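K.L.:
Straight from TrEMBL, here's the annotation block:
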- Asn71: N-linked glycosylation site (CARBOHYD)
- 37-55: transmembrane segment (TRANSMEM)
- 109-128: transmembrane segment (TRANSMEM)
- 209-227: transmembrane segment (TRANSMEM)
- 268-292: transmembrane segment (TRANSMEM)
Amino acid sequence: MSLAHTAAEYMLSDALLPDRRGPHLKELRLELPLDRMVKFIAVGFPLLLMSLAFAQEFSSGSPISCFCPSNFSIRQAAYVDSSCWDSLVHHKQDESGQHRTKSLWPHKALPYSLLALAVAMYLPVLLWQYAAVPALSSDLLFIISELDKSYNRAIRLVQHMLKIRQEGSDPHAFWDELEKARKERYFEFPLLERYLACKQRSHSLVAAYLLRNSLLLFFTSATYLYLGHFHLDVFFQEEFSCSMKTGLLHDETHIPDLITCRLTSLSVFQIVSLSSVAIYTLLVPVVIYNLMRLCRWDKRLLSIYEMLPAFDLLSRKMLGCPINDLNVILLFLRANVSELISFSWLSVLCALKDTTTQKHNIDTVVDFMTLLAGLEPSKPKHLTHRMCDENP
């Protein structure tokens, strides 16, 4: 056995990927990075604001301060604050002298509306977890495993070719068999390619992804309507007139008809309203961008794996409309590229392929590794000329 042959065997053995059987894969990322960011902000931000509202209420005591008559005792003043906060109704007279009331309930419902908003924003995440994650997880595990296995099969094929070439006595027979195998497509393993092609006709994952982001836009629009209709109406009202003449106190003459009260928590209410509008306005373009990614193919991963035998979805122009499950799977493969051990090897080979394409016809990893192992990727010219001389 020659030194060059031994070095080629060592090089091919090092190029083989370790066999990952069992639960050796790390935890798959079943959410895209932008989706995860949107989830944390859309759900976590209202919870943060809710804690701020509750902290302000517990730290400063009563959220309102009423200007009671001077003859009221401390307990009577506290009762007025409590009663006016429970009713939270502004009494006024219009220009015609008619008595009007205006409810200020959004101040009281602020923490609970934020909790409802967080729950609503988490519903699309739950939908994705139960409707898409189980199928997506199984698809990713199978595809990642098959991509690495296809790479290993290509390397083992080159090892087998090198062994046959070293043991064979007739180089003409070896190259004839090699050319015949290429024409008959023996080097191709079409299971993965056909599986991915079938995913173009499936739309369950893409439907769940579209529904998730559409629900986020819907709940964001509902938040805008709620803030604009209810919060804007009481946004600048710091003082209101409270009526105490209700129930047993209706006929009490020493109690004034209206008592002026001031909302001490108005600044928190305004901060929460403005920050909610600002944050969700910034999230809308991100959600729209997530939806727009489904309108075009992510071909970066496919272009790298075109070097594998029978993985020519791009060169055969087999990609149709991008709104299908295959495009979603490609996006998640990019997010889980750290789990693809073969990706780094093929990326290097693709970079080297551009420098050698001018001298050699290299299409797949088999051709490239054959060249690195010391074999020509096609029949040498001197053997071709010799055959032509023998058969004029």
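Glycine is treated like the rest: Cβ placed from N, Cα and C.
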K.L.:
State the count of C-beta atoms found within 10 angstroms of the C-beta of Asn71 (N-linked glycosylation site), not counting that atom itself.
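P.N.:
Cβ-Cβ neighbours of Asn71 (N-linked glycosylation site) within 10 Å number 7.
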K.L.:
Which residues, given as numbers and ranges, are at least 6 beyond the ends of the transmembrane segment (209-227) yet have a Cβ under 8 Å from it?
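P.N.:
Hits for the transmembrane segment (209-227): 35, 38, 42, 113, 117, 120-121, 123-125, 127-128, 131-132, 273, 276-277, 280, 283-284, 287-288, 290-291, 294, 328.
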